[in-house]
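Accompanying notes for the structure given below.
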Amino acid sequence: MGFRDECGVVGIYGAENAAALSYFALTSLQHRGQESAGIAVSDGNKIKLRKDMGLVSDVFKQGHFETLNGNIAVGHVRYATAGGRTIDNAQPFMNSFKNGSIALAHNGQLVNHTKLREMLEDHGSTFSSSSDSEVILKLIVRKYIENGGHLGTPNEEENNSELNQQRFVEAVVQTAKLISGSFALCIMTENMLIGVRDPNGIRPLCIGGFDTPASQALNHRDGGQFILTSESCAIDSVNGRFVRDVEPGEIVVINKDGLRSIKYAEDKKRTCIFEYVYFARPDSVIDGISVQEARYRMGEVLAEESPVDADVVIGVPDSGLGAAQGYARASGVPYGMGIIKNKYIGRTFIAPTQKERENMVFVKLNAIRSDLEGKRVIVIDDSIVRGTTSRRLVQILRRAGAKEVHFRVSSPQVKFPCHLGIDTPSKNELISSNHELEEIRKEIGADSLAFISLEGMKKAFGADSFCKGCFNGEYPV
Ligand code: AMP
């Protein structure tokens with residue numbers, strides 16, 4: 001089985017307590033991955049790394065921050081499918097030399113890592129994991145050495161020299177041109193932080209600053225503070241200030257001279273639309289589009305496309321709530337809460353077997369009888385993947401006395417597995433890839449069922465620069 005990582009990344013530059021800030025940022029990216037967490041931090045001379053399986057709050061305890069001192073850091077949270085669920089694949093990855101180190105955190109998935117790994121192994125590289133992200137790290141190392149870099153030099157002055165940094169940046173540029181797929185990267189050396197976004201910008205990556213006098217403007221030359229991260233909600237969590245997104249095909253280099261941008265490839269923007277549908281937090285803004293606003297709009301268009309007479313509109317928490325509010329707003333049907341979600345359990349996808357997944361829904365979601373009894377209910381979810389959640393939900397709503405259950409979905413039918421970083425099951429498990437609409441309606445037991453159309457989705461966003469491969473099978477890479 002190939003890799004299907006869903007991840008969150010962060011990079012901090014110039015802050016006194018870079019590891020602690022990374023901890024806060026990773027906690028607000030926890031929805032992007034719950035299996036492992038890690039932070040690498042540099043004090044200017046040495047990089048230290050701590051990573052382990054579990055939630056951010058499981059991996060890091062108070063005492064750890066006393067040793068994780070330094071002002072440059074990269075951090076990572078990871079969600080992986082069963083095959084890759086080991087500590088070996090936890091990030092950041094680190095490569096140490098005699099007198100220098102690199103740490104790297106990757107969100108995304110490469111499509112050419114097998115070939116690159118073979119090439120690197122032929123040239124003597126060794127790997128400690130099966131992760132495609134380690135291939136990126138080792139490729140940078142190789143390019144750096146080829147460029148005449150001196151990470152192994154015993155002379156610290158030379159290690160920090162401009163030339164050395166330039167060689168390293170050049171190695172990152174060369175690597176970014178060789179790898180293909182989706183990648184949002186935070187990379188650090190002892191004295192530099194680098195962000196990289198793939199030419200399609202499939203996974204998000206944005207830049208924040210801190211409102212200290214020294215960091216009010218970009219490109220100042222006397223030491224600013226920056227954060228790079230998957231989602232803007234993580235910038236808010238450290239009381240930072242959103243500056244801008246890293247552009248598709250852009251590398252940003254942050255060092256003592258400030259922030260410098262390198263365009264290494266043409267911007268062929270195709271951001272993953274599923275980030276807006278399901279994955280990202282509603283308080284994040286990705287490429288200028290508010291995730292919550294996108295969800296409202298998808299709900300509104302869904303109401304225009306598939307209206308139905310009903311007494312109440314409810315949403316499946318959390319990712320269906322925005323669309324439900326949009327649907328209610330556009331249809332005039334009153335919005336109700338209707339369903340409550342247990343805050344203390346993880347995502348249903350984590351349950352390894354189908355049986356466990358099905359029963360997890362009863363634990364995770366319940367109906368509020370007083371909102372629903374005797375009513376015709378429109379229930380909105382953001383997506384149907386296997387159909388497990390929707391089938392159980394209809395059961396739960398009927399059990400609570402709903403007279404009719406009309407299921408509406410604010411994304412089109414998921415027909416194709418994603419190979420660019422969203423965890424979707426194989427094609428034969430995707431209910432929409434092998435069933436017609438009416439069959440799915442019967443299967444989930446709803447009185448009616450409708451999905452937003454691909455056209456409708458385009459209308460909701462007012463743009464078409466997205467990867468919609470899971471819906472239409474057309475992937476940019
Ligand atoms: P399913 O029960 O397999 O049909 O999954 C659909 C439900 O899972 C919806 O409520 C979605 O909000 C949620 N979902 C969609 N995509 C993912 C994903 N990649 N990981 C975890 N949950 C997801």
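Cβ coordinates come from backbone N, Cα and C, glycine included.
Values in this document were obtained by computation on a predicted structure and should not be read as measured data.
For 7-257, the entry in TrEMBL reads domain 'Glutamine amidotransferase type-2'. Residues annotated as active site, nucleophile in TrEMBL: C7. Feature annotation from TrEMBL assigns [4Fe-4S] cluster binding site to C272, C418, C467, C470. TrEMBL lists S319, D381, D382 with the feature Mg(2+) binding site.
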Cα distance (Å, whole number) from C272 ([4Fe-4S] cluster binding site) to C7 (active site, nucleophile)
14
Beyond the site residues S319, D381, D382: chain residues whose C-beta lies within 8 Å of the centroid, for Mg(2+)
V277, Y278, G315, V316, G320, A323, I380, S383, V409, S410, S411
Of C7, S319, C418, the recorded positions whose C-beta sits under 6 angstroms from any atom of ligand 1 are S319
C418 ([4Fe-4S] cluster binding site), Cβ-centred 10 Å count of other Cβ atoms over all protein chains shown, is 20
Where does D381 (Mg(2+) binding site) sit in DSSP terms: helix, strand, or coil?
strand
Write out, in the order they occur in the sequence, the residues of the chain not among C272, C418, C467, C470 that have a C-beta within 8 Å of the mean position of the C-beta atoms of the recorded [4Fe-4S] cluster site.
I202, I273, F274, L420, G421, I422, K468, G469, Y475
Excluding near sequence neighbours, so keeping only residues 6 or more apart in the same chain, what lies with its CB under 8 A of S319 (Mg(2+) binding site)?
V277, Y278, R295, D381, D382, S383
For the domain 'Glutamine amidotransferase type-2' (7-257), what's the model's average pLDDT?
90
C-beta crowding around the residue listed as 'active site, nucleophile', within 10 angstroms:
25
